[in-house]
Structure formats: C-alpha cells, structure tokens
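Engineer: So Swiss-Prot has the following annotated:
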REGION    1-369  region 'Pyrophosphorylase'
BINDING   10-13, LYS24, GLN75, 81-82, GLY201, GLU216, ASN230, ASN367, ARG472, LYS490, TYR505, ASN516  UDP-N-acetyl-alpha-D-glucosamine binding site
BINDING   ASP165, ASN367  Mg(2+) binding site
REGION    370-390  region 'Linker'
REGION    391-595  region 'N-acetyltransferase'
ACT_SITE  HIS502  active site, proton acceptor
BINDING   ALA519, ASN525, TYR526, ALA562  acetyl-CoA binding site
Amino acid sequence: MKSDLAIVILAAGRGTRMRSSTPKVLHNIAGLPMVAHVLRGAQLLKPCKTIVVFRDVRVEQYIRNTFPDVLTVAQSDALYGTGFGVFSAIPWIRSESYGNTYPNTRHESHAEYELDACDLDTCNPASDRLNDQESLKGGRHIHTKSGDVTNNKPFPSRVLILYADVPLVPFQLLEELVRKPLKQAVGAIVTTHLDNPKGYGRVMRDNLGSIAKIIEDSNILPEQSINEVNTGVGIFDTEYLQDALNKLLKCHIAHSPNQDCVTNQDCVTNQDCVTNQDCVTNQDCVPAAHTEAHVLSPKVIVTEQIHKKAESEHQHAGQWMCRQDTVGAQNTKEEMRLTDIVEYFYNNGLRVNSITTSDSELLLGVNNRVQLAKTEKILNDQIIKRWQLYGVTIKSPETTWIDSTVQLSEDVLILPGCILSGRTRIEEGAVIGPFATISDSFIGKNTIVKRAEIIDARIEEGAVIGPFAFIRPGTVIGKDSKVGTFVEIKQSNIGPESKVPHLSYIGDANIGSHVNIGAGNIFANYDGKLKHETCIDDGVKTGAGNVFVAPVKVGRGAYTGAGSVIRDDIEEGALSLTELKQKTIPKWAENRGDG
C-alpha cells in the first residue's frame with residue numbers, strides 16, 4: 001500500500017549565529033551534514049514524497065547529489081519564517097513530481113501566489129472555510145506563475161514537518177507520531193519540558209488541557225510560568241494545513257508594516273470593525289471571540305486587560321479589534337511562523353494533539369557552535385553505545401570519536417584516543433590505537449594500527465601499521481605486511497608480507513611480495529613537474545639509506561647496498577652498489593688540535 005505521508009524538511013534558515021560562510025544545515029556532525037541526518041531518519045518512514053525547502057543553492061546542490069529522490073523547493077527571499085517555508089512546499093506536495101528532477105521555482109515575492117479567488121477578509125474566523133467541513137473534502141487549488149501544478153489531483157493526506165537543524169530526533173518518536181491516529185484532531189506536535197525554557201516557544205493550554213497557542217519566548221509575561229516547549233516537530237492533515245496557511249499568509253501580507261491598518265472595507269459584510277482613526281502604526285486586526293489570550297500571531301503580547309475590554313465590546317465571534325504590536329521592533333523581518341496555525345486551529349474549534357517526550361536534549365536545534373559541539377557529543381555517545389552493544393570493545397568512550405558512516409565488525413578493539421571517520425570499515429579482530437586516526441579506509445581482519453594516521457587507504461588482513469606511520473590516499477598495504485615507525489606512504493601498493501620498517505618515504509611505488517625496504521629509504525618520485533613510478537619486484541632487499549630516483553625498476557630478488565642512489569634499472573637477482581672509495585686520514589683529529 002502506498003504511503004499517504006509527505007515529509008517537509010525546513011532548511012532555509014540563514015544561520016547567522018553560526019558565524020560561518022557555510023550554510024548552517026551543511027555543518028557536519030558525526031561525518032554528515034545536519035540535513036543528511038534528518039533525511040536519513042525521514043527516509044526510514046518510507047514517505048511517498050520528501051521535500052526540502054532551502055534558500056542557499058549549496059543546500060540544494062548537496063541534496064541533489066546525495067539524495068536524488070528528494071524534491072527541493074526554494075523559499076522566497078521576500079518573506080521569512082517557517083510558516084512561509086511550509087507554504088512554499090504545499091504545491092509540490094500536491095504535484096505528481098517525485099524526486100528533484102522537477103524544476104524548482106524560486107518565488108521572489110508573495111505577489112506570485114494566487115491564493116484562491118477571495119479577499120483578505122478570509123482571515124476572519126467567522127468567514128473561514130475551515131468551518132465548512134464539506135469544502136475540505138475535495139481538492140483545493142494553489143497556483144504559481146508557472147501555472148496550475150495541482151489540478152485537484154490526489155495528494156498525501158498527512159504532512160510531517162521536520163527541521164534540518166534538529167538532527168537528533170529519535171526515529172522511534174517519529175514512528176509514534178506518524179502511526180498514532182489523529183482521531184478528532186487536525187494535527188499533532190511534539191513537546192518537551194525544560195527546567196530552563198528560555199529561548200524556546202512555550203505551549204499554552206486551556207483549562208481543559210487542549211493546546212491553545214504557542215507563545216514565543218519574547219512574548220512570555222512575567223507572571224506566566226510555562227516550561228512545556230514546542231520542539232517544532234509536527235504532523236498535520238494536509239487539507240487543513242493548506243487552508244490555514246492560505247489564510248495566515250493573507251493576514252500576514254495585509255498586516256505587514258508596509259500595509260495600512262485594516263479598514264471597514266476590508267472587513268466581512270455585516271461585521272463591525274474598528275476604523276483607521278482608532279488604530280496606531282503597525283497595528284493588526286485580531287479576533288475577539290475568546291476570553292483567553294488567543295491571537296493570530298504569538299509574536300504579540302495581549303494582556304488580560306485588553307481581552308477583558310475586547311470581551312465587553314465585542315460579544316460575537318468573528319468581530320475584530322485593533323491592537324498595538326508591542327514587539328514589532330523585535331520582529332523586523334515580519335516572519336510568518338508555522339506555530340501561528342496552532343492558535344488558528346484552536347480559534348476555529350479544531351484540536352491539535354501532542355506527544356510529550358522526556359528526551360529534550362535530542363529535540364533542541366543547533367543555532368551556534370556551542371550547540372553544534374554539544375549535539376555532536378550526544379550523537380557520538382549514541383554511536384559508541386550502539387557499537388559496544390554490537391560487540392565492539394571501546395576502552396575509552398570519552399576519548400573516542402566515531403562517525404555515523406563508519407562500519408565496525410564484532411571483536412574489534414578500539415584503544416583510547418582514536419578518531420574513525422568517513423566511510424571507514426574495520427573488520428573483525430582488528431586492534432585500533434591508541435591514538436589512531438582513520439578516515440575513508442578499509443582495515444582488514446586482525447590488523448593492528450597504533451599511533452598512525454590512515455586516509456583513503458586499504459590495509460589488508462594481518463598487516464601491522466605504526467607507531468607514527470602516515471598512510472596517505474591511494475595506498476594499499478598487502479596481507480601480513482608491516483609499515484613501521486616514521487614511515488610515510490603515498491599512492492603506492494605494498495605487496496603481501498613485505499616490510500617498510502622505519503624512517504622511509506614511499507611515493508608512487510609498486511612493491512611486490514616479500515620485499516624488505518631498509519631503514520631510511522627515500523623514493524624520489526618528483527622531478528619538479530611530474531610524478532614518476534618506482535617498481536620493486538618480489539623478494540627485493542634494499543639497503544639502509546637508499547634513494548630510488550624514479551622512474552626506475554628493480555628486478556625480482558635483487559639487492560641494493562647501503563647508501564646507494566639507484567638511478568638505473570636493476571636486473572633480476574643482481575646486487576647494485578653506489579660505490580665511493582672510502583678515504584681515511586690517520587690522526588686527523590689530533591693534528592686538528594682537538595686534544
């Protein structure tokens with residue numbers, strides 16, 4: 001059965017607090033960008049469609065290259081906020097497009113949208129078609145300048161909303177949210193309780209425990225003590241979500257700082273409305289249908305005194321009053337927040353459920369480098385615990401870092417101070433460390449790697465690496481071979497049971513099996529312009545202090561003497577010496593006067 005779930009991942013935040021030229025959601029934790037962690041979790045839910053809303057083209061490029069089945073949609077630079085981000089995805093939820101081959105449309109302003117053929121007064125709950133249940137049974141139209149992309153075609157009935165900068169949401173929680181029926185509700189959000197909720201949106205409930213609204217931290221009154229916070233994760237009925245976002249966008253446009261205060265002409269027929277002369281700059285219209293602090297936007301503080309006055313002056317639902325935007329200066333970008341729909345639903349008698357979790361540290365977003373480090377530490381602890389339960393011995397979890405992309409086998413031993421990253425794979429019985437750094441490499445069975453750095457290389461079964469060896473990209477170390485202390489190897493093949501024990505540089509070389517490279521050998525592979533290859537055949541024994549000037553070839557079973565400089569090829573089984581006659585001067589030190 002095809003899934004009825006669509007997933008929208010919001011990745012359009014500017015991330016200014018990261019103080020980085022890299023988009024926030026592309027910052028790595030445990031080997032992957034934050035957005036990749038979110039996408040990996042989302043894909044496990046097997047949705048019929050996944051959409052990422054982006055602003056920076058680098059985010060789009062990464063997703064196109066890494067997750068080709070994910071649709072990417074550009075969020076306009078003209079309007080900000082999570083509400084508009086989700087709104088941007090609605091047409092593509094309803095389209096027949098699957099995967100990012102569908103052309104992205106960057107909407108430059110809200111003027112590009114034709115949001116049903118109705119007036120701005122539809123932001124009044126009294127006239128809202130959410131009250132008309134029959135109107136929600138069929139499809140709705142959303143148009144862009146490029147034409148109708150929906151055409152009343154069937155579309156996913158539920159939308160799960162995730163954030164690209166919240167990478168640690170447990171899959172079990174998402175699974176519960178998706179599988180739990182909405183019943184009589186139009187959606188459900190995930191909440192958690194914090195001892196110090198400062199900086200997070202608070203969940204306000206009515207006397208019956210129903211969620212009434214989400215209040216931004218800056219709008220919390222001193223007497224309000226609320227420690228239940230909104231995590232941002234939520235699931236909504238697609239039709240209700242679309243309808244609410246349509247109306248809220250209209251209100252947002254109508255009440256932006258560049259618009260005049262709502263006049264009588266803007267109000268619903270036969271409804272009272274406060275006129276312009278009663279308004280002040282940057283005022284909005286708000287419904288006065290409830291006695292509690294329910295407004296269209298949780299950006300604005302509405303005191304009990306204002307509502308008591310509203311209750312006395314306006315007794316029937318759908319009437320409007322002007323209010324002063326007491327925090328307008330704090331919201332200079334005029335964001336359209338997704339959280340506004342919670343109050344909007346409540347004002348229309350529609351319920352939003354909640355799932356409350358105690359895993360608060362897994363649901364808080366990353367906004368700066370401090371939170372980035374904290375999040376990576378949490379994820380690293382999870383990764384280490386998982387591998388320990390799988391059968392990997394990790395002697396010092398506190399000093400070990402393992403990327404989420406690393407693969408380990410049973411009975412691997414990891415000693416203190418190790419960093420394993422990228423697409424590294426380590427086979428059974430390997431001993432890693434102490435103080436080894438391995439990235440994007442294969443480490444075979446029963447291999448020993450101690451105090452070494454290995455990058456993009458392959459180490460076959462039984463090899464011994466280190467201490468203090470540096471294995472660079474493109475290197476293959478054969479079975480049961482040895483690379484010893486202070487050896488650097490680059491772009492070379494070392495055959496089975498060969499040894500490079502100490503103090504050597506091997507570059508661009510092919511070394512056969514059962515070869516012994518003497519101490520202090522240098523493969524001079526660079527002529528100032530080009531790199532050249534050195535070939536050492538099976539069974540060769542080289543003396544200490546040799547220099548091989550590439551290109552050069554040494555035949556099978558040949559020997560070289562200590563201190564030799566090999567510039568010409570050596571035939572099989574030969575001995576090659578660079579012989580300089582030794583001259584000894586008797587009593588030289590005495591004659592020099594050294595005493």
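Using the three backbone atoms N, Cα and C, a Cβ is placed for every residue, glycine included.
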Engineer: Looking only at DSSP and grouping its letters into three states, which state does HIS502 (active site, proton acceptor) belong to?
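Structural biologist: DSSP assigns HIS502 (active site, proton acceptor) to strand.
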Engineer: For ALA12 (UDP-N-acetyl-alpha-D-glucosamine binding site), identify the closest of the binding-site residues ASP165, ASN367, ASN525, TYR526, judging by Cα separation.
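Structural biologist: Closest candidate to ALA12 (UDP-N-acetyl-alpha-D-glucosamine binding site), judged by Cα separation, is ASP165.
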Engineer: I'm checking region-level scores; what's the whole-number mean pLDDT for the region 'N-acetyltransferase' (391-595)?
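Structural biologist: Here the predicted model's pLDDT, averaged over the region 'N-acetyltransferase' (391-595), is 97.
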Engineer: I need the CA-to-CA distance for ARG472 (UDP-N-acetyl-alpha-D-glucosamine binding site) versus ALA519 (acetyl-CoA binding site), whole Å please.
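Structural biologist: With the alpha carbons as reference points, the distance is 19 Å.
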Engineer: Which residues in the same chain, at least 6 apart in sequence, have a Cβ under 8 Å from the Cβ of ASN230 (UDP-N-acetyl-alpha-D-glucosamine binding site)?
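Structural biologist: Listed in sequence order, they are ILE189, THR191, TYR200, GLY201, ARG202, VAL203, ILE214, THR339.
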Engineer: TYR505, TYR526: which of these binding-site residues has the sparsest Cβ neighbourhood within 10 Å?
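Structural biologist: Sparsest of the binding-site residues TYR505, TYR526 by Cβ contacts within 10 Å: TYR526.
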Engineer: Among residues ALA519, ASN525, TYR526, ALA562 annotated as binding acetyl-CoA, what is the maximum Cα-Cα distance? Answer in Å.
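Structural biologist: Across ALA519, ASN525, TYR526, ALA562, the two farthest Cα atoms sit 22 Å apart.
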Engineer: Return the single residue from the binding-site residues list (LEU10, ALA519) that has the minimum number of other CB atoms within 10 Å.
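Structural biologist: Among the binding-site residues LEU10, ALA519, the lowest count of other Cβ atoms within 10 Å belongs to ALA519.
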Engineer: Counting all other Cβ atoms within 10 Å across every protein chain shown, which of the binding-site residues GLY81, GLY201 scores highest?
Structural biologist: GLY201
Engineer: Let me know the most crowded of the binding-site residues, choosing from ALA12, ALA562 and counting other Cβ atoms within 10 Å.
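Structural biologist: Selected residue: ALA12.
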Engineer: Using DSSP, what's the helix, strand and coil tally for the region 'Linker' (370-390)?
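Structural biologist: Tallied per class, the region 'Linker' (370-390) gives 21 helix, 0 strand, 0 coil.
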Engineer: Taking DSSP as the reference, which of helix, strand or coil describes ASN230 (UDP-N-acetyl-alpha-D-glucosamine binding site)?
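Structural biologist: Looking at the DSSP assignment, ASN230 (UDP-N-acetyl-alpha-D-glucosamine binding site) belongs to a strand.
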Engineer: Helix, strand or coil for LEU10 (UDP-N-acetyl-alpha-D-glucosamine binding site)? Use DSSP.
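Structural biologist: DSSP assigns LEU10 (UDP-N-acetyl-alpha-D-glucosamine binding site) to strand.
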Engineer: Where's the emptiest Cβ shell within 10 Å among the binding-site residues ASN367, ASN525?
Structural biologist: ASN367
Engineer: If you measure LEU10 (UDP-N-acetyl-alpha-D-glucosamine binding site) to ASN367 (Mg(2+) binding site) at Cα, how many Å is it?
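Structural biologist: Cα of LEU10 (UDP-N-acetyl-alpha-D-glucosamine binding site) to Cα of ASN367 (Mg(2+) binding site) measures 14 Å after rounding.
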